[in-house]
């Protein structure tokens, strides 16, 4: 029997913690963009760098160990600094239902302290999601090795982990794109992930999703993919769904996902057929036995636009490969899906990129002439063929 909850639901408390220089920078850019219903926390061993943070809560960790002078690119010092300041970290996390821990892997503070912070958050009962970057190849083997160890430590500490190799930034931006603008693309994975989840649990829908649904999909699931796609006009539902599951910045593909939370937001013209079209695209790209939780929201302000939000987990954790100049930006497409407006002017990819959005899905799994056919279409045809044979 289906049961429907009525009445007021307490909104989940979301906190974003930036650890180290890279994490602090990501938090600053999120704050500059403007986000509601989220608390920001900056953690660093470097007191001078911490003073530049725009977060409302700042924690200088390891004051006795480092005297505020940083971790010297030594992850062990970063780890010990976080352990020294455990009580301060616990106080900052207190009351959070969901915690995003973001950092750049390869240095000292982020690599060493972020797993400690994430472990504390999870031990305190918060749904804990890590969003980390791997260093560029040109940063050297030592930094790459430290980053790999940091990623493994994060995997052990969080519920789900999203990894962004910085080298992928070279695949999605033009040669003339300024460095800081390129880094914003990586930050979009975090920003739009937080925004998407915040909107899912804050906005009531015709078919409603809540924080319990988010926990079902993301608790203890390893790697994760989060995507947002927006489209309008003809085939808008299909195009939005394709964009949402195509993330060339991420190490994880939706192919084989065993858990998917999907939400479709549209104007009053959103039809049941369009909802089915979008759901079919996502379901056919995932595992055959996927556990899919589906919701819809009607927002008259969107008019002709449809926004598809996808959270996918339950993978085999095999890194994916991507071709250059693949479709959309890191978190599906660069859109703000708040209930007030949808912004489409943040993408740094070319105008033709949307037409290529599904290529990255097929590139991850096939190297034959069938590469021109998106894998979710092949999967759908194979399933239909099996049903016919039965």
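Just so it is clear, glycine is given a Cβ too, placed from its N, Cα and C backbone atoms.
Just one of 174, 187, 199 is listed by Swiss-Prot for the same GTP site as 21, 22, 23, 24, 25, 108, 109, 110, 139, 143, and that one is 187. Each of the binding-site residues 21, 23 was ranked by the number of other C-beta atoms within 10 Å, and first place falls to 23.
For the binding-site residues shown (25, 109), fewest C-beta neighbours within 10 angstroms: 25.
Taken over all pairs of the listed GTP-binding residues (21, 22, 23, 24, 25, 108, 109, 110, 139, 143, 187), the Cα spread reaches a maximum of 20 Å, rounded to the nearest whole number.
Per-site Cβ counts within 10 Å over the binding-site residues 139, 187 peak at 187.
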